[in-house]
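Colleague: Right, I'll just put the structure down here and ask away after.
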Ligand SMILES: O=c1nc[nH]c2c1ncn2[C@H]1C[C@H](O)[C@@H](COP(=O)(O)OP(=O)(O)OP(=O)(O)O)O1
Ligand SMILES: [Mg+2]
């Protein structure tokens, strides 16, 4: 039996680490119980590099079993860097590195978004922008109405969420992982739970939207949970009990 308890890593097997193509020359070093090609996150303080309350709630719950002392970027008064990349991993890397360097602590960032097949994968990395109001602030009801109006003429209703999680250290090292959940879009939006675009997404094989379902159920199948399972397998150890 393997010495580590993470043999179920990447549960569902749908996703691969975004850095899978990295060179593996560090594999097997140092007598660890699994190949150490990814840097391990040591117990201690961890910055959650997000200003989105819905995400912070979900990411904090994912990290909770690992005994880290989490603090959010907002609590530390860290600025929000511009998200100028055109990939989820790219923007999560910007956010994680900015926070890690500013705080002098490891930081975990999430860049995520909603994609509609008939819109060529849009809004995708621009998902948050579609909710921005000209005067500042966000209106997700408006954003969901915009997506539905553009997608309405198309028979293909498939949609998905993507989440990139990037861990960064103050020395500039990063580890990134991406998870997706497939499903379809619905209009009008349904449900008051969750956040963002949750009320317009029904995961494959389900009937309820992410906005209607029990948060524990979203947590079990979400893009964020899938990205986190990869991160856990690569970089985290559960504290001994
Ligand atoms: O599980 C989700 N359920 C519903 N909506 C979601 C989800 N995950 C991401 N989303 C939406 C919200 C936001 O409009 C965009 C992410 O944009 P993104 O820039 O990554 O996050 P953000 O600006 O809200 O917070 P921050 O950058 O401080 O982490 O996708
Ligand atoms: Mg953002």
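One is the number of the first residue shown, and numbering goes on along the chain from there.
Keep in mind that glycine also has a Cβ here, set from the backbone N, Cα and C atoms.
Automatic, uncurated: that is what TrEMBL annotation is.
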Colleague: Suppose a student reads TrEMBL and sees 50, 51, 52, 53, 54, 55, 195, 196, 197, 198, 218, 223, 224 listed for substrate. Which of 87, 112, 158 should they find annotated at that same site?
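Modeller: Answer, per TrEMBL (substrate site with 50, 51, 52, 53, 54, 55, 195, 196, 197, 198, 218, 223, 224), from 87, 112, 158: 112.
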Colleague: Between residue 198 (substrate binding site) and residue 111 (Mg(2+) binding site), what C-alpha distance do you get in Å?
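Modeller: If we compare the Cα positions of residue 198 (substrate binding site) and residue 111 (Mg(2+) binding site), the gap is 16 Å.
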Colleague: Would you mind ranking the binding-site residues 111, 198 by how many other Cβ atoms sit within 10 Å of each Cβ and giving me the lowest?
Modeller: 198
Colleague: List the binding-site residues 54, 196, 198 whose Cβ sits under 6 Å from any atom of ligand 1, in sequence order.
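Modeller: Near the molecule: 196, 198.
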Colleague: Cβ neighbours within 10 Å, counted over all protein chains: which one of the binding-site residues 52, 112 has the most?
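Modeller: Of 52, 112, the one with the most crowded Cβ is 112.
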Colleague: Please list residues from the chain of residue 54 (substrate binding site) whose Cβ is under 8 angstroms from its Cβ, counting only those at least six apart in sequence.
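Modeller: Sequence-distant Cβ neighbours: 194, 195, 196.
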